[in-house]
Structures are given as C-alpha cells and as structure tokens.
Amino acid sequence: MNQHPKSPNPIAASIQPLEASALSRFDNTQPSKEVLDLWRNADAVCFDVDSTVCLDEGIDELAEYCGAGKAVAEWTARAMSGSVPFEEALAARLSLFNPSLSQVQDFLKERPARLSPGIDELVKKLKANNTDVYLVSGGFRQMIKPAASILGIPPENIFANQLLFGTSGEFLGFDKNEPTSRSGGKATAVQQIRKAHNYKELIMIGDGATDLEARQPGGADLFICYAGVQLREAVAAKANWLVFNFEDLISSLD
C-alpha cells in the first residue's frame, strides 16, 4: 500500500467499461441546459472528499493501517448506501480500532493522500472563475488538511469531523458537535455555508447518499454525482448530472 501508482492511467482504464455500460443505464450522463447554466454560474462548489477528491475512503485506509480494514470497510459501504444512520456507522467503525494520535500521524506520513485525476485542474479552473471551493466530508480534518493544502483550499473552507485525543495521545472519540458527524450533516453544513456567504447558486459534488442529501432548499441547488471511483447506483440515479471523470466538468467550463 505504500507504493501508490504515479499515473492515473490504470484507474482511468479500469472505469472505462463501467462508464460505457452506465451510459445506457442512466439518463443523466449529459447535463440539461439548465444544469449546465447553473454549473457554469455557481458561486460556490462543495466537494465530498473520500472517493471524490481523493481516491480512497480515508477511514477505511486508516483502519487497514491499524489492522481492522475489512470490518470497517463493510460499515463504510453500509453508511454510504444510506442503509444505517451515519453517526451510528461512524462510531461503530472507530470503535473497531480506536486509533491513537501517533498512529494517525504515522499513517499520514506513510500513506499520503491520493488525489483523483483532474481534481487539481478542476479546482484551479473554478477558482479562476471566481467560484469558491469547499470540502464537506464525513471524514476527519486531520486526514483532509494535507489534500486541501495541495489543492490550495484554506482550512476555514473545510467542513469535516474531528478526532479527539487525550493528553497521552490516546483515542477519545470524535467531536459530536460537528454537523458532519451525523445523518443529514452535510446538508446542514452546506446550508450554513450558503447562508454565511449569501451564495445565490451552490453545487454539491460527491459519490454517496450523504452528498445527495445536501441538495435541498437552502442547501445545494444541484447534485453532481462523481462515479470515477465508486458508482453507487441508487445515488447516481437521483443526481442532476452523473460524471465519471473530472475532465467533463473542466471542459464544460470553457
């Protein structure tokens, strides 16, 4: 796991058959004029992190590093499908391995974040268009900050959970006051972002059920499902626009 592929080609190649089959099964792989206009004129775009901005599910990777990968991954799949409340799945996953501060620090050193192909260019393009960019995640700030730094996204634009540690670095839990720690939390975070900045048009991009939830009155106007890493069919079917690579979003801004 320490040796990550430097080229996105193997990943791109692996999703091509999936994309081809999905084109015939979904009717939202091409944006309507209304969706395209909203995308091009968005004041802000909120990105999910795991399996969207980054190739991996951060908590699964940390759990695997700590020796509890399989059990935690099963809970993650249930959480992302929306079959169990998010807060229940989050607590259950963490209780399976109780990561210490030193384990998290070692993990971040040994397994740096792997960005999805094209995300850096997309973020740059959005910024060039004066569109504000946020990361809204059910993952943890400690693990998201390195990726945000690479992308030039300031810490104040990160809405995520916080791992809590004691004075000796022992695991204490997570901050339950963060809106993203519970079901519907991403929607709450997006609503807070929109209200604080009085954005007229805001878009959410992600792969999971919690990202789809952000599309509601006072929250995101559009939900773009990114299926370049994981295709969750029940989520993809309800998206305003289904994409399998960020290049489609980049080129649509020209």
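Heads up, the Cβ atoms here are built off N, Cα and C, so glycines get one too.
According to TrEMBL, the protein carries these features:
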ACT_SITE  Asp48  active site, nucleophile
ACT_SITE  Asp50  active site, proton donor
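Using a 10 Å Cβ-Cβ cutoff, Asp50 (active site, proton donor) registers 25 neighbours. For Asp48 (active site, nucleophile), the same-chain residues lying six or more positions away in sequence with a CB closer than 8 A to its CB are Leu135, Val136, Ser137, Lys186, Met204, Ile205, Gly206, Asp207, Gly208, Thr210, Asp211, Tyr226.
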